[in-house]
Amino acid sequence: MKKIILTLSLGLLTACSAQIQKAEQNDMKLAPPTDVRSGYIRLVKNVNYYIDSESIWVDNQEPQIVHFDAVVNLDKGLYVYPEPKRYARSVRQYKILNCANYHLTQVRTDFYDEFWGQGLRAAPKKQKKHTLSLTPDTTLYNAAQIICANYGKAFSVDKK
């Protein structure tokens, strides 16, 4: 009986200490870069959300479709790696923009242990595509207009 009580006490103590360690991991404050790296376009002033201009490409089968990556430099580290001291500093999102109807599809999200979507990649096991219709006069809609004007081909951008 004493062995059972001792075993349960040790198990409970271990479980409590594991939760405390995990809580400490969630509080990793980061200082994202203040200067915009060459090749990246900041979408909103004072927000760490960027388009990687070197990732932009036009679909050769459907020229109204433009593919690109958005990068978010995080201000709080995310523990998504198996190593307890490694954490994500940035998120890279692969997106597809349909310039004919301004539908934006987020295809994939990956975490990286360095800023600017660089370094060791960690991908969630299950990911779903999400598509939304961009609303006029929003930051994403304005960015989409610029991308479509510069990259999208053979389509009409008139939305009347």
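Glycine is treated like the rest: Cβ placed from N, Cα and C.
Worth saying up front: this structure is predicted, and the values here are computed from it rather than measured.
According to Swiss-Prot, the N-palmitoyl cysteine annotation covers Cys16.
Feature annotation from Swiss-Prot assigns S-diacylglycerol cysteine to Cys16.
What Swiss-Prot records for 41-68 is region 'Interaction with laminin and plasminogen'. When Cβ-Cβ distances below 8 Å are used as the criterion, the region 'Interaction with laminin and plasminogen' (41-68) is approached by residues 32, 74-75, 92, 94-100, 116-117, 139-140, 143, 147-148, 151-155 of the same chain, each at least six residues removed from its ends.
If you look at the region 'Interaction with vitronectin and epithelial cells' (84-108), the same-chain residues 6 or more away from its ends with a CB under 8 A from one of its CBs are 21, 25, 28, 30, 32, 52, 64-74, 77-78, 114-120, 122-123, 127, 129-134, 140-141, 144, 147-148, 152, 155-157, 159. Residues or ranges marked as region 'Interaction with vitronectin and epithelial cells' by Swiss-Prot: 84-108.
Residues or ranges marked as signal peptide by Swiss-Prot: 1-15.
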